[in-house]
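A short worksheet on the structure shown next.
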Amino acid sequence: MFTTHQMNQTTDSLYIHNSSTTNSGSGVEKPAANIVPSILFMTFGTLGNGLVLFLLCRFSAEHKWRPFYRFVLALSINDLLGFTFATPFGIARYITNFNFDFPDSLCSYIAFIHMFGILNSACIVLSMSLDRFIAIVFPFKYSTSLKDRRANLLLLIGCVVSFLMSTIPLLAGRRSRRFYPGSWCFVDFKSDAWIDRGISLAYASTGFIIMCLVVVLNISVIVTLVRQHCLTGNERKQQTAFRKKRKHLIVLMFAVVVLAVVCNVPLLINVFARSLGILQGMESFEVFGLRMAYVNNVLNPWVYILLRKETVVFFQKFLRLQVCCKNRETSTDSTAL
């Protein structure tokens, strides 16, 4: 008789060979050894987050490390560490044609990095949303010297929550599991053991709660902004200057929030539904969930780079210059005729 863990390990061992077909005898989908996604994630994720860290430090005198930029800094560090600490092991699996196996200790380490990085990223987005909510809905309470301390406290709380949720499998003495295509590890959300299911449900529920709070806070911000836009007379004039200063921050935050929700939900659905036995098979959907979470980490820094005020101003000037050049060419042609 095989134990549940032995059966899981047997199933996982079927993922170590390079094949794009399905073994009809075993009924287990085998991986197509495509290393390209991992290489792209590693390259653009490291480059993008490294560039953001450089820009934040280079222009620190201008933004003076206001709360929003502290959140961006924390998000970039979190994403960068996730790429550099976990992705190389997955790449090594592909390079060795899946002959390199993860020892249990390494698999637990990779699972912790993935779990912590994904949940902490969501916590940082929640902190960012809460900060903007207070700034826009309660502007007089926000405009105090406590906003920097509050930002640091939110980041610390999010980090502690993510750390505790990610270490529960280790504290409970549970083994992490290698998932399709055998290049990543996570909490064993496909186990039949009730303790593994409980841990997986707790992790997924925490992620869903964070995402729901993010959505609610941002809807409140949108409603408040619409109400402010409907102000008339002197009230609108008083709000105009301040609204222009914070407009680019709000657009940037909304872009980060939409990315976080869209990209993190597939993995949370995987963990939640498979823990309850609702979703079975479709191993490729598991790695899709992880890759979507990585897409979020890759795009976050590039969203900041492209939507930061200096970049937007540069493109606006460039477009105006192009329009002026075309107008001059048109005027010259008309004069020649």
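Note: Cβ is positioned from N, Cα and C throughout, glycine not excepted.
Just so you know, TrEMBL annotations never went through curation; they're auto-generated.
Worth saying up front: this structure is predicted, and the values here are computed from it rather than measured.
The domain 'G-protein coupled receptors family 1 profile' annotation in TrEMBL covers 48-304.
Taken from TrEMBL, the feature transmembrane segment applies to 35-56 (among others).
The feature transmembrane segment is assigned by TrEMBL to 68-89 (among others). Nonlocal intrachain contacts for the transmembrane segment (68-89), taken as residues 6+ away from its ends with a CB within less than 8 angstroms of a stretch CB, comprise 38, 41-42, 45-46, 49-50, 52-53, 56, 102, 106, 110, 113-114, 117-118, 120-121, 124-125, 127-128, 131-132, 148, 151-152, 155, 183-184, 249, 253, 256, 297-298, 300-301, 304.
Same-chain neighbours of the transmembrane segment (109-130): 68, 71, 74-75, 78-79, 81-82, 85-86, 89-90, 102, 151, 154-155, 157-159, 161-163, 165-167, 169-170, 176-177, 184-187, 203, 206-207, 210-211, 213-214, 217-218, 221, 253, 256-257, 260, 264, 267, 290, 293, 296-297, 300, counting only residues six or more beyond its ends whose CB sits under 8 Å from a CB of the stretch. For 109-130 (among others), the entry in TrEMBL reads transmembrane segment.
Using a Cβ-Cβ cut-off under 8 Å and counting only residues 6 or more beyond its ends in the same chain, the transmembrane segment (151-172) has close neighbours at 67, 70-71, 74, 108, 111-112, 115-116, 119-120, 123-124, 126-127, 130-131, 187-188, 195-196, 199, 202-203, 206. According to TrEMBL, the transmembrane segment annotation covers 151-172 (among others).
What TrEMBL records for 201-227 (among others) is transmembrane segment.
As annotated by TrEMBL, transmembrane segment applies to 248-269 (among others).
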Local confidence of the domain 'G-protein coupled receptors family 1 profile' (48-304) - pLDDT mean: 86
